[in-house]
């Protein structure tokens, strides 16, 4: 079945497009989550059993003290519901299984799932599990236009595929900075250093770093010399590294002034 696209307009009037998660990915995530839950339950019960000084035969024959039995029931219930609620709310709508499958739960308006919605959808999970093997939930997910189980309908949530982050394309200047192998922290400037530069200086430096990308070596050296004579004397006390040439110092200065001036033009 083709994965449907869902367009959502948020309360802030931002249009978002989601790819709905179907039965296959949701079922696989569910299997992973319940495997984790069952293993955790088994280990905790085993530790409790040894803490109560009972024998293994008592564990499997059901001869457990009433207190221990009550504790085990509480642990089972807490893990059955608490696991999903905890991870969905604190991990941005993802459980471990959902994260591995690249899906997450969100509100119908595109926002992150709320604590109340997570509680509702996971307590209604009990009905989705009826009569066995998630029969109700599977049928509803398969036939619902937004692949919702009863818990999603009640809580106002949808399960969607994560958006794959596209690698950001570097600008020519960013590539040049990478080639130089420098970082802003290599030039330490105090606020009084930065106050020496005005908007005219910033525009000069901004023009310089973009122009040198398309210049011959001779032209670049000449322009670097001219701009250095104007700007670098203001930070001479910080230029202690003799291995750096003036072009590097100017680019480092650009990285500092960029934070101060880029959005003030």
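Even glycines carry a Cβ here, placed using N, Cα and C.
Nobody curates TrEMBL annotations by hand; they come from automatic prediction.
Taken from TrEMBL, the feature domain 'RDD' covers 20-156.
Marked as transmembrane segment by TrEMBL: 31-52 (among others).
Beyond the ends of the transmembrane segment (67-91), by six or more residues, the same chain brings 33, 36-37, 40-41, 44-45, 48-49, 52, 54, 99, 105, 113-115, 118-119, 122-123, 125 to within a C-beta distance below 8 angstroms of the stretch. Sequence annotations record features per position, and here TrEMBL assigns transmembrane segment to 67-91 (among others).
As annotated by TrEMBL, transmembrane segment applies to 123-143 (among others).
Mean predicted confidence for the domain 'RDD' (20-156): the pLDDT average there is 86. Taking DSSP states H, G and I as helix and E and B as strand, the domain 'RDD' (20-156) has 94 helix, 7 strand, 36 coil.
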